[in-house]
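What follows is one structure encoded as structure tokens, with my remarks underneath.
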């Protein structure tokens, strides 16, 4: 089965693996309660945020490529292997000049954004001499060696990066959830250490009581089984359970009418089962655990039903799954509260890691405190030197005034008094032979000495 055909109802269906990735991100919406309506011709269907750090760039590239008629025609005949192998990327050389120009612009903007993020990160640790070109190597969704133009290699790298990142999306979520659970247990144990024996016993008793209360819930149907789907048919869809029909069920829950059940539409089918175990009003029920349970259910059904592993369920795949023995007589489903999420050794290793991080943060805090104290000492020293200098300047000015010299200005220049401020007796001396100053241009002749002897 081809993973993608460009349908009028979904203009965002550009490339198989990219849109597979876009549709693969779980969204917590109960689509069984959303009325299915036909899409208007040409209507744009918004896909959920992928969670990738280059999500906006990915979407913009998809939107621009969709505007090229040649590329869209090639896409209609391409299968998933051609896209992943990079064969489709080579078609980029045949797109219009306008499209290539716009893609060049998008890439330059993305490179500028990444460089800005790198600089901000480096500035936060007070690093200098940043080599942006070297640091850009860590970003695998574009060709950093050519930051100015969007080439076939860029499209190939974007496809492979998005496919790989989103294939690992679930794995990453499971790892983060496990860390979350270990942190909860770590904090609980650390809190118990702060209590006296009586309060500690009381707290532990409360903890066991909440665990028991959480585990006391109705039976959860096996995800994707006939009993589970019939419950949705009856309670969410309001239909007669005796008239359950898999084909009608599929079409009813294909909310966007694209011929597939994507991962969001599948997850919406598990809402009734999750409500048996989790209630946001209950103190003992953790909504983070509920989302992990939803993810586990969706993964299980995909593994059982999605034959070609394209992360979409076709009507053919769905009907084939309903013919299996597991659909009619499934095994019991173990919820998270019935499983051991981590071992004591794993918890101990996690706590050691936390302890190391705390030690590193403590050392950094001490270093920063020392730097702060040193800067404060230098500041105080400069202030003291400034005050001493100001005192010396003041004393020098006072001494000059006492000696009759004009005081110095702020920059050390002399403050010359105007002629009108001369004191009596300080009038300038005029040339000999007169009390008035000489007229301009007159050269004074030397005075004749009376004792000079003439021949």
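Using N, Cα and C of the backbone, Cβ positions are placed for all residues, glycine too.
In TrEMBL, the feature region 'Disordered' is placed on 194-226, out of the ranges 194-226, 227-259, 260-292.
Counting residues of the domain 'EF-hand' (293-328) by DSSP class, helix then strand then coil, yields 24 helix, 2 strand, 10 coil. The region 'Disordered' (194-226): residue composition by secondary structure is 20 helix, 0 strand, 13 coil, according to DSSP.
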